Amino acid sequence: MQICLMDETGATDGALSVLAARWGLEHDEDNPMALVLTPQHLELRKRDEPKLGGIFVDFVGGAMAHRRKFGGGRGEAVAKAVGIKGDYLPDVVDATAGLGRDAFVLASVGCRVRMLERNPVVAALLDDGLTRGYADADIGGWLQERLQLIHASSLTALTDITPRPQVVYLDPMFPHRQKSALVKKEMRVFQSLVGPDLDADGLLEPARQLATKRVVVKRPDYAPPLADVATPNAVVTKGHRFDIYAGTPLTE
């Protein structure tokens with residue numbers, strides 16, 4: 001995949017070359033999208049809209065730390081949707097990981113989550129965030145146990161993941177209507193990179209075959225159900241709904 005690769009660390013250790021080789025990235029000086037190594041983290045920038053700033057994954061500080069400490073925890077809609085109850089903490093495959101926010105929420109309340117991400121740039125951002133998270137004295141211990149990244153296409157990986165999870169979580173890219181500055185900023189940068197998930201409808205059936213209990217699909221409230229398969233079961237919040245579909249139980 002072609003992208004502009006930039007190093008602002010001031011180091012001469014060849015980290016950029018290692019990054020490119022690991023994720024199959026090719027430097028393109030004229031690409032409007034840039035993957036930038038800064039002294040703090042790896043970030044994605046839209047060079048023709050510098051005011052949007054950089055997008056990076058941070059499990060330790062910022063909004064994620066606030067959500068972990070002061071958010072709803074088990075009461076969050078995504079936690080309710082995957083079925084967390086009492087001692088039941090399902091094993092989850094997040095097949096459209098993105099920046100890992102919902103996966104992190106589930107991990108922070110006790111679920112083991114395997115994140116799938118097919119875009120190599122997004123996977124590199126996630127990996128960078130995980131590396132810093134794993135090294136953190138506060139959250140590193142449980143984060144290493146509960147949150148992992150698999151760089152693979154969901155369409156192929158969903159057919160051969162083992163062991164099978166109890167829940168598959170899907171949050172395909174869908175054009176956002178929200179006017180919030182953060183969503184607009186992130187979505188503009190993100191959609192410039194990955195575009196809409198045109199093959200997202202093809203995820204529902206393999207997800208239902210893989211999950212032993214349920215599939216949860218996050219949708220904006222104005223979006224049709226994934227693959228036009230309606231379900232009466234959903235957790236509804238302001239602006240979103242989490243559609244719930246039956247999985248395929250394990251056979252003895």
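Along the chain as shown, residues are numbered 1 onward.
From the backbone N, Cα and C atoms, a Cβ is placed for every residue, glycine too.
Note that this is a predicted model, so its numbers are computed, not measured.
Per Swiss-Prot, the S-adenosyl-L-methionine site holds Arg101, Asp102, Glu117, Arg118, Ser153, Ser154; the candidate it also names there, chosen from Asp87, Asp136, Asp138, Asp171, is Asp171. Of the listed binding-site residues, namely Ser153, Ser154, the sparsest Cβ surroundings within 10 Å are found at Ser153. All protein chains shown were included, and the count of other CB atoms within 10 Å of the CB of Asp171 (S-adenosyl-L-methionine binding site) stands at 22.
Cβ neighbours within 10 Å of Arg101 (S-adenosyl-L-methionine binding site), excluding its own Cβ and spanning all shown chains: 17.
Asp102 (S-adenosyl-L-methionine binding site) is surrounded by 26 other CB atoms, counting those within 10 A of its CB over all protein chains shown. Within the set Arg101, Asp102, Glu117, Arg118, Ser153, Ser154, Asp171 that the record links to S-adenosyl-L-methionine, no two Cα atoms are more than 19 Å apart, and one pair reaches that distance.
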